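Chemist: Submitted below is the structure of interest, expressed as structure tokens.
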Amino acid sequence: MSIPRLKSYFTILATVLVLGQAVSAQAAELPDFTQLVEQASPAVVNISTTQKLPDRRVSNSAQMPDLEGLPPMLREFFERGMPQPRSPRGDRQREAQSLGSGFIISADGYILTNNHVIADADEILVRLADRSELKAKLIGTDPRSDVALLKIDGKDLPVLKLGKSQDLKAGQWVVAIGSPFGFDHTVTQGIVSAIGRSLPNENYVPFIQTDVPINPGNSGGPLFNLAGEVVGINSQIYTRSGGFMGVSFAIPIDVAMDVSNQLKTGGKVSRGWLGVVIQEVNKDLAESFGLEKPAGALVAQIQDDGPAAKGGLQVGDVILSLNGQPIVMSADLPHLVGALKAGAKANLEVIRDGKRKNVELTVGAIPEEDKDLSMLPKSGVERSSNRLGVAVVELNDEQKKAFDLKGGVVIKEVQDGPAALIGLQPGDVITHLNNQAITSAKEFTEIAKALPKNRSVSMRVLRQGRASFITFKLAE
């Protein structure tokens, strides 16, 4: 072998060794979940529920067709193939069953799961890892967070370690154990896709988003970090097909345990409440309110006699922080407020009329049901038209008092123009235009005449009791 060939040989050999070491290093970095699963599985349970429903298929003879007009042979033929009527007292009951998951958080038998797993159940059955089955008692449930606390009789039961969901970061490995489609102790894995996610109609939970495969039956089961600690409760998926599509959501264990402790001690959950309706600040709204960039929560509506009203918060305020914690998106505010107790102090940093201001108020307790404002009644006051393409009338004193409005105008007619383009409708109430409160139809017309062109202008609109700010631009 010549010297040049010998050098080439050693060069190739060295390259192969380096590549082999790199591959081995990458393989070594991949997690092994074996020990985690072995230690955690005994405390993960299968939950089955039974709900008794009335059998409404045939309840009385009024549901039977009239066969009296048929010949005897035909009548006998049809009667043989039809169910016989029963009296209402003879109605049978049928059962609806569902499956889910849960996990043990105390040695004496307390179990966490989802509210939707056990909702409306007449009987809850828990199957442990050793296949034994026990009836569970519902201690309490919180539909707003989708958390439920159960209790089974037992002692020295296996218990899961609880972590801190606030320490999670996007990109970290996570593991789920549950009973998808009834297959007990199924293990799936993935990564944290995002934290602090907000979902429609889920205002009080900053969800953990993952790509862990979650299917029917996984709900209520634990989500683990690599230390084997529970960091969340698997709750729901985003799907267009009905099956898993790579986007799943878990309730942070910090939130779940706060709910659990309140249910255990008081049977219900208390949350902080400001009494406001807020909306996202987009680019156009940021320009309209003089903000450097889209951020914060825009106050679109304030409930009469609520904490915000008593504390001096105003419609049009943009809330930038609460007790020093920044409000990057509007969805951040309900999470932070909900975590406060009634009576706690809340210091809000807001933008009002283009200037920063601090507003301090006392947090209230969230009511069982939010006040429902109905569509405002029509007024018979004289019309006023304007360059926006709407005909408006003023609110009378009775309407202002009934709906706690100091002013505003009702749209009676929408014509071709900017109003039609932004979706305004007859019956909508306009309370603010270009950050100015409207007290009369005449004032509305005057403000409309002075609106700037080619710049975002805000308008506060009340529709069916719900207020929001919208923006538009007037062309040259």
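Heads up, the Cβ atoms here are built off N, Cα and C, so glycines get one too.
The feature active site, charge relay system is assigned by Swiss-Prot to HIS116, ASP146, SER219. Annotated substrate binding site per Swiss-Prot: GLY217, ASN218, SER219, LEU274, GLY275, VAL276, VAL277, ILE278, in sequence order. According to Swiss-Prot, the domain 'PDZ 1' annotation covers 263-354. The domain 'PDZ 2' annotation in Swiss-Prot covers 360-465. Residues or ranges marked as signal peptide in Swiss-Prot: 1-27.
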Chemist: For the domain 'PDZ 2' (360-465), provide the mean pLDDT of the predicted model.
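Modeler: Mean pLDDT across the domain 'PDZ 2' (360-465) comes out at 74.
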Chemist: Specify the nearest of the active-site residues HIS116, ASP146, SER219 to VAL276 (substrate binding site), where nearness means the distance between Cα atoms.
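Modeler: Smallest Cα separation from VAL276 (substrate binding site) among HIS116, ASP146, SER219: ASP146.
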Chemist: When you rank ASN218, SER219, LEU274, GLY275, VAL277 by Cα distance to ASP146 (active site, charge relay system), which of the recorded positions ends up on top as the closest?
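Modeler: So, of the listed recorded positions, the one sitting closest to ASP146 (active site, charge relay system) is SER219.
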Chemist: Do any of GLY217, SER219, LEU274, GLY275 (recorded positions) have a CA within 10 A of HIS116 (active site, charge relay system), and if so which?
Modeler: SER219
Chemist: Please state how far apart, in Å and to a whole number, the two most distant Cα atoms are among GLY217, ASN218, SER219, LEU274, GLY275, VAL276, VAL277, ILE278, the recorded substrate-binding residues.
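Modeler: Answer in Å: the longest Cα-Cα distance is 37.
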Chemist: Would you mind ranking the binding-site residues LEU274, VAL276, VAL277, ILE278 by how many other Cβ atoms sit within 10 Å of each Cβ and giving me the lowest?
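Modeler: Result for the binding-site residues LEU274, VAL276, VAL277, ILE278: minimum number of other Cβ atoms within 10 Å at VAL277.
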Chemist: Can you check which residues sit near GLY217 (substrate binding site), meaning Cβ under 8 Å from its Cβ, same chain, 6 or more apart in sequence, and list them in order?
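Modeler: Long-range Cβ contacts: LEU99, GLY100, SER101, GLY178, SER179, PRO180, PHE181, GLY182, PHE183.
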Chemist: I need the CA-to-CA distance for LEU274 (substrate binding site) versus SER219 (active site, charge relay system), whole Å please.
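Modeler: Between the alpha carbons of LEU274 (substrate binding site) and SER219 (active site, charge relay system) there are 31 Å.
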Chemist: Once the DSSP letters are reduced so that anything not helix or strand counts as coil, what is HIS116 (active site, charge relay system)?
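Modeler: For HIS116 (active site, charge relay system) - judged by DSSP and reduced to three states - the answer is helix.
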Chemist: Over all shown protein chains, what is the count of other CB atoms within 10 A of the CB belonging to GLY275 (substrate binding site)?
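Modeler: Step by step: centre on the Cβ of GLY275 (substrate binding site), count other Cβ atoms within 10 Å, giving 23.
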